[in-house]
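One structure coming up, written as structure tokens, with questions to follow.
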Amino acid sequence: MTFRDLAFHNVFRNFRTYAAYFLSSAFSVMVFFVYATFAFHPKLTAETLKEASTGMHFAEAIIYVFTFFFILYSMSTFLKTRKKEFGILIMNGMADMQLKRLVFIENMVIGFLSTLIGIGAGFIFSQIILYSSSYLLDMDEPLPFYLPTNAALLTFVAFIVLFLFISLFTAAILRGNKLIDLLTGSEKPKPEPKASVFQSLLAAILLITGYTVALLVEGMGVVAAMIPVTVVVIIGTYFLFTQLSVWIITKLRKNEKIYLHKTNIVTFSDLAYRMKDNARMFFIVTIITTVAFSAIGSLVGFRSLMVNGAVKSDLYAFHYTSFSNNAKANEHQQKIENVLENNKIHYQQLDASFKNVSEKAKNEGEGSFFTVIKQSDYNKFAKATGANEITLKGKSAAVIPQYFSFNSDADRELFKRKVTLNENNQELRIETVLGQSVIPLRLLQGDGLIVTDSLYESIKAESNHYSAYDVNDLEKTEEIGEDLLASIPLTENGAYDFSSLAVKVNEVKQGINTILFVGLFIGVVFFVAAGSFLYFRLYSDLEEDSKKYLAITKLGITEKELKRVVTTQIALLFFVPVGVALVHGFVALIALGHMFNTTLWTEIAMVLGSFFLIQVIYFVFIRIRYIKNLKEAL
């Protein structure tokens, strides 16, 4: 057997140990290749989709950097589990340089194979992924299949270089290990883990403080608090796993009622050791998973906010605004009505007159602009939509803030004031502030003023006309809206304005979906990597756990009880860091909602629920495999 044969046999003999590393590396290569396939697609040279291509290249860079550290961590784990094997090889005469060469060849074999498998898998599924990507980006037609030679070349070169560097680095760090350290491996006795009461208390204080601040701040205060809260929570999370968890387990072990219940004595016997050993890994997994949860949740939430903002701004399916210099008002409105009737879409037409005016200011450059609407027209819209009508008298007025959202009653009071208009030199009293309006915000040039009909007529300004077309099924109007936009083009003199809410919502979705597509895959890569960290740790302890469980079975523990103990310990490994990450993500997404003065319960439930379900499925799969391997070892 040649030296090279030895390296190849080592890889395939230890395939179970290398499996997670190999598959995760191949998955990272596949995702990178898919992004490259998408970014280099000929159809993405179109001007409207250049930002998607740029986003793909940006995502490639992030994945590449993250993959480097991910593989580096994975290899350090493998080296620790193979210390005894290395010790035996050295004892049998293998020189230090030969050992380095062996590790280098093994790593390059794994890297080369995972690169080929990743590119191959990405190529096989590229048509499906391109189709789904096209659907997610709301493109009219799916991206056609093409031979991604540039993507394959970039991926192959990038990852061969990465694995070459990783292999050289991992071979270099073998230096300095003593033979006795290699042979004893993980069998050296461990000191009993001890927790600092002060640091345990500090962990609780930091987490509670971070959560409290994140949940209480609103508006732009969320942005100001983001960095300090993140730092506080990260430090608190570190002490949670290194100190507080060990302190809690120690206290539970001293409670005989809990400790001596059924198989808890076996479960808790080395739980503190496990928590101490896995503390840094738990911390890394928690932070990585939190980033995935928060990033995807924020993007999904931001998408909902953008869509809801478009709907709130427009309210109705179609809008036609006619100014005083418009000679085609009747022609355009007749065209809109004919198209709706020909497509058998039931609609309700609502009309209003409005005037754009300005405030008389004491100093030059001060004062505000307003869009004035008659009380009767506003109440006509309110009655049609089921909103509350308003009653005004004399020179009193109601205001519709154009860009303001209310956090408190005090915010409303800021709008209540006296206003003198240039157009009629009369002083108005703003007495009512409307938090929600039945008049679309897009109509307003400045804040909206609702006044009595008689006061409206006294304002010496040009009267313009607005028509809204309300329908029951907005989605059915997108194609109609595109046709109408083409047949009622905007003019340079701005005599009229026409818009379709369905078309606007689709444009908003397409814009944010590009970012969402990039963020989603980055988040998935992070989540898969976090799961792989847990998988690595579980299987690196398999040999040691097998000896421990073998000793326990000789003491009379049944197979059912052993499964319960193993399931509990695997569940703690899989759900403690993810559970903490879920809480972190939940608080972060609640804070995001507070920043925009809204709630994102649906988005939070969808994102966090989906990831939790995936983790449960992953746990069930790993539990079955681990128990099977454990039985074989016993």
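Numbers run from 1 along the shown chain.
Including glycine, each Cβ sits where the backbone N, Cα and C put it.
The model shown is predicted, which means the values in this text are computed figures rather than measured ones.
Residues annotated as domain 'ABC3 transporter permease C-terminal' in TrEMBL: 61-174. The feature transmembrane segment is assigned by TrEMBL to 20-41, 61-81, 102-131, 151-174, 195-217, 223-249, 281-302, 515-538, 570-592, 604-622.
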Using Cβ atoms and a strict cutoff of less than 8 Å, what residues sit near the transmembrane segment (151-174) while being 6 or more residues removed from its termini?
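Distant Cβ neighbours of the transmembrane segment (151-174) are 29, 32-33, 36-37, 39-40, 64, 67-68, 71-72, 75-76, 79, 86, 96, 99-101, 103-104, 107-108, 110-112, 114-115, 118-119, 122-123.
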Quickly jot the same-chain residues contacting the transmembrane segment (570-592) by Cβ under 8 Å, restricted to those at least six beyond its ends, or write none.
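For the transmembrane segment (570-592), the list is 210-211, 214-215, 217, 222, 225-226, 229, 233, 237, 240-241, 245, 271, 274, 278, 282-283, 285-287, 289-290, 293-294, 297-298, 301-302, 530, 534, 537-538, 599-600, 603-604, 607-608, 611-612, 615, 618-619, 622-623, 626.
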With DSSP as the yardstick, break the domain 'ABC3 transporter permease C-terminal' (61-174) down into helix, strand and coil residue counts.
94 helix, 0 strand, 20 coil
Please give the sequence-distant neighbours of the transmembrane segment (195-217): residues at least 6 beyond its ends with Cβ less than 8 Å from one of its Cβ atoms.
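Tertiary neighbours of the transmembrane segment (195-217) are 224-225, 228-229, 232-233, 235-240, 242-244, 246-247, 250, 587-588, 590-591, 594.
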List, by number or range, the same-chain residues at least 6 past the transmembrane segment (20-41) whose CB is under 8 A from its CB atoms?
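52-53, 56-57, 59-60, 63-64, 67, 70-71, 74-75, 78, 110-111, 113-115, 117-119, 121-123, 125-126, 129-130, 133, 143, 146, 148, 150-152, 154-155, 158-159, 521, 524-525, 528-529, 532, 535-536, 539.
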May I ask for the residues of the chain that lie six or more residues beyond the transmembrane segment (281-302) and have a Cβ under 8 Å from a Cβ within it?
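Here the qualifying positions are 73, 234, 237-238, 241-242, 275, 512, 515-516, 519-520, 522-524, 526-527, 529-530, 533-534, 537, 576-578, 580-582, 584-585, 588-589, 592-593, 600, 603-604, 606-608, 611.
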